[in-house]
Structures are given as C-alpha cells and as structure tokens.
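Trainee: Below is a structure I'd like to ask you about.
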C-alpha cells in the first residue's frame, strides 16, 4: 500500500532532500511549504505540485502529466514535463523541457532556459513518462494574465549554466546518481528557441529514421550538425502519414511517402550560414531540406501547423 508521506516534502527548512531513481516510479508527488531547500526528484512521476515554496533549488525528473507551481517565489528549477503551469509566483528561474506550451498566470519575474541535464537513468525515465527528448517548447511561453506595457517573463542568458542555479546534490545518498550538468552531455538537445538568431539564413530539415536506434541516430545527427556550426532553433519528433506529407512537403511528398510506413520524422529547424544549400550534402540520411531561404519560412510554418495539430490530438 502506498504511503503518501513517501511522495511528499512538506514544511522543510534549510534541508537537502531527494528521491533516488526507482523510488517514485510514476506516482504523484507533492512539495509544499519548503524554504531554503535543495530538492531533487531523480525519477519519473505522474504529476507534481509545488506550493508556497521560497528560495528553493529544485530538480524534477520527467513528469508524465503536469507540474504546477503555486504561490512560490525566488526559486530556481530544472524541470521536464508534459505540461508546465505557474500561478501567483514571483521570480522563478527555470531550465525547462516541456512538450506543450508552458503557461504562466498572475506571475512576474519569470525566466526560462533550455533544459540541460544528464544522469544514466534519465533516458529511460523520459520513455517511462511518455516524453520525447526532441519535443521541447521551453521558450514558447503563454502569459495567461498579461499586463499592458509590462513583460512578466523573459529568457535566461544564453551563457547560463545550470549548476550555478541548481547545484549538484551534496548529500552522500544523492551523489550516487552521477549527475552531469555539462551542456554537451545533456539528454535534451540544446535549442535556441525564441532567442535572436545569429544568422539571417535558416531552414527546415526533416529527417526520416526507422529501426531500433531511431533516437540514438537522431541525436548523433544533431551532435554532428552542431559540431559543424549549425545552430539548432527547435526540434520536433512526429509520426506522419501520406496525407500529412502532401500537406507539408507538397511536390516533394512522393519522394518521402515510402519512408513514412516505417519511419518517424524528426524536424530540425536550423539557423546557419548557407545551410539550405549544404545540409543535404553533409549527411547521408533521408532528408527534406528547404530549397532556399525564401521557401524556408513557409516550410517551417507548414510543419509547425501539422505538428501542432498532432500534439493537440
């Protein structure tokens, strides 16, 4: 029988606490009335609520459903979830992976960056939570209660380092998890999101992978691309049917339809110098690439519209 106390941190002050991999195992978790605490949930969960916490540093492993911050202030967090929401919060700084559009409500001083984290069990926890490491809308924030002339949220500096916000755990028990906050080891590809692009040229690349090593091969390709100077704006993993291909690729669809019966499509939205003309030459994979800078914007819109519809189904 489940004891709710095993899935609750409540009324703590000046403590370092956590749960090791395998100790939450998809259950709901509650964090409330904590102050000056370091909290680490190194496992996947169903949902998490964080209420009335002050000056806490929090890591939350993959959450199958929603994470909801209420009446919290001056907290620094690393979070991976399906849905992210805050209400009546002030000054939260969050390194986020969120499959859907994050929502803030009656909240101010919010800052967001791209999730950057690794430990050996994390990949399997993402899978257990039903989350794709390639679907991350961390910077696409919706402010449910905007104030005219004010901006309740912004982005963390691109140079922000996770460990400066949420340090590695110091307790002997939690040190065993073997955490790395090195961005180059992050399980989530680091994307620019809505930050200003460094190049005027960008393109849509849709790559088709099939087989048992789809995720690993897609990640390897991304690492190769970034090492060659490409900058990743956003990634998306989707399933496509023949009719979807016609809507997204138009006259190029016939080339890719045979692949759709056995493959998943990964959208890589890139910014780079001359990337539209060079990406197809660099990689020996099945790939659709925008033909030109002029067509790239429409290609991106077509894929966004399709992917958004699929996420809403």
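Cβ coordinates come from backbone N, Cα and C, glycine included.
Predicted automatically and left uncurated, TrEMBL annotations should be read as such.
Bear in mind that the values here come from a model prediction, so they are computed numbers and not experimental data.
What TrEMBL shows for this protein is this:
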DOMAIN    1-146  domain 'C-CAP/cofactor C-like'
BINDING   65, 66, 82, 83, 84, 85  GTP binding site
Trainee: Starting from the Cβ centroid of 65, 66, 82, 83, 84, 85, which together make up the recorded GTP site, report each further residue of the same chain whose Cβ lies within 8 Å of that point, ordered by sequence.
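Mentor: So the additional residues around the site are 47, 63, 67, 68, 81, 98, 100.
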Trainee: Can you give me the same-chain residues 6 or more apart in sequence from residue 84 (GTP binding site) with a CB-CB distance under 8 Å?
Mentor: 66, 67, 94, 96, 98, 100, 102, 103
Trainee: Averaging the per-residue pLDDT over the domain 'C-CAP/cofactor C-like' (1-146), what integer do you get?
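Mentor: Residues in the domain 'C-CAP/cofactor C-like' (1-146) carry a mean pLDDT of 97 in this prediction.
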Trainee: In whole Å, could you give the widest CA to CA gap in the GTP site formed by 65, 66, 82, 83, 84, 85?
Mentor: 11
Trainee: Within the domain 'C-CAP/cofactor C-like' (1-146), how many residues are helix, strand or coil going by DSSP?
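Mentor: Per-class counts: 11 helix, 73 strand, 62 coil.
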Trainee: Give me the count of other Cβ atoms within 10 A of the Cβ belonging to residue 82 (GTP binding site).
Mentor: 19
Trainee: Taking the Cβ of residue 65 (GTP binding site) as the reference point, list residues of the same chain whose Cβ is under 8 angstroms away and which are at least six residues distant in sequence.
Mentor: 46, 47, 81, 82, 83
Trainee: What is the total of other Cβ atoms whose distance to the Cβ of residue 83 (GTP binding site) is within 10 Å?
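Mentor: The answer is 17 other Cβ atoms.
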